[in-house]
């Protein structure tokens, strides 16, 4: 099976990486779909995020990285995946993700969204939080893959 894992990944966290690894173990292949949203100004370019994901997932068989804009279900159909993979950190994530899953299902009834609970030790992580800690010189080594930590240190120093 092929799973689509969409997100901005700005930056990739260890929580994201854990989901990618678990997705590969469960489904065999994970297509990491990096959102290119012209309405947002990301900390890292699309190419930088691609590189971060490629380096961080080099040990994983079955990972591919693509970019997309627009609807997730269009991306899923275009890339011939079987399901959409999402992670849940807390109940607030569940409510938000369930609404998106229902919307996706209304647009493409043949696509399922599978939720995986985030590992407890990653449940506090968010890309926004990581950037904030890095911006103020805090230790982020336990939050992101090494390649991302290096890029964040360069960005904020």
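From the backbone N, Cα and C atoms, a Cβ is placed for every residue, glycine too.
Noted in Swiss-Prot for the protein shown:
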type: BINDING; residues: 8, 40, 72, 86; note: substrate binding site
type: BINDING; residues: 8, 9, 16, 87, 88, 89, 97, 122, 123, 124, 125, 126, 127, 128; note: ATP binding site
type: SITE; residues: 16; note: site 'Transition state stabilizer'
Ask   = When DSSP states are folded down to helix, strand and coil, where does residue 97 (ATP binding site) land?
value = helix
Request  = Identify, among the binding-site residues 16, 40, 86, the residue whose Cβ has the fewest other Cβ atoms within 10 Å in this structure.
outcome  = 40
Request  = Could you tell me which of these binding-site residues, 88, 125, has the greatest number of Cβ atoms within 10 Å of its own Cβ?
outcome  = 125
Key: From binding-site residues 88, 97, 127, the one whose Cα lies nearest residue 40 (substrate binding site)   = 127
Ask   = What residues, ordered by sequence, lie under 8 A Cβ-to-Cβ from residue 72 (substrate binding site) and sit at least six positions away in the same chain?
value = 4, 6, 33, 84, 100, 104
Query = Can you count the other CB atoms that lie within 10 A of the CB of residue 8 (substrate binding site)?
reply = 17
Message = In the three-state scheme derived from DSSP, which category covers residue 72 (substrate binding site)?
response = helix
Ask   = What subset of the binding-site residues 123, 125, 127 lies within 10 angstroms of residue 8 (substrate binding site) at the C-alpha level?
value = 127
Message = Measuring Cα to Cα, how many Å separate residue 16 (ATP binding site) from residue 86 (substrate binding site)?
response = 10
Key: binding-site residues compared (123, 127) - highest count of Cβ atoms within 10 Å   = 127
Task = Could you state the whole-number distance in Å separating the C-alpha atoms of residue 125 (ATP binding site) and residue 86 (substrate binding site)?
result = 15
